[in-house]
Amino acid sequence: MSASLAGLERKLGYTFKNQDQMLLALTHRSYAGRNNERLEFLGDAILNFVAGEALFERFPQAREGQLSRLRARLVKGETLARLARGFDLGDYLRLGSGELKSGGFRRESILADALEALIGAIYLDADMDTARERILAWLADEFEGLTLVDTNKDPKTRLQEFLQSRSCELPRYEVVDIQGEPHCRTFFVECEVVLLNNKSRGQGVSRRIAEQVAAASALIALGVENGND
């Protein structure tokens, strides 16, 4: 085991029994051979479960939609990448030469994916309790600042944060029609989300309101919220 990996283990707060599992978690798909995508898939599922379980216990009065919004904030790519930078994770990644030259070790999505892969690797190397303990320790500061006030953000912000938590492209809004007299117009907007086959629609007395309605419809279509949240 190299000194560099030992240093990373100290930062993570976990020592791997199987070093190959750790190396695989740090291997981007641009690198020759096996990569961390399967571990990332597993780690993402574990992270979402652990975050959801912790929120369920922490906020017993919260509604489903509120819990979903809080979880989206906790597990979004921006948050995970910030944690990864705190571990200097980019210094340990195995990247292909092209990705390395383009600064992939600094890229938010690559850092976030690698952290999820490490979660999956810890689970396989140890057990669920150990993975849970590490996740909660890493996210302790994030949990400390959470309140239900955070769920009062507008639908566009909530949709954006949800998509970021899934490393998806941001939604695109388009005004498709404007009806009525200049002093009493109704704006019709479509919202395109990569996870949905159909565009969500909204209307309102201003473009901003119509976009908010379309975003709210998209959240419902995604199953993140329901009409009562």
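Each position is counted from 1, following the chain as shown.
Note: Cβ is positioned from N, Cα and C throughout, glycine not excepted.
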Site-mate of D113, E116 for Mg(2+) in Swiss-Prot, selected among E40, E181, E190: E40
Recorded positions compared (D44, D113) - highest count of Cβ atoms within 10 Å: D113
Fewest-neighbour residue among recorded positions, criterion Cβ within 10 Å, set E40, E116: E40
Distance, E116 (active site) to E40 (Mg(2+) binding site) (CA atoms, angstrom): 5
Composition by DSSP (helix, strand, coil) of residues within the domain 'DRBM' (154-224): 26 helix, 20 strand, 25 coil
Distance from E116 (active site) back to D44 (active site), taken between C-alpha atoms, in Å: 5
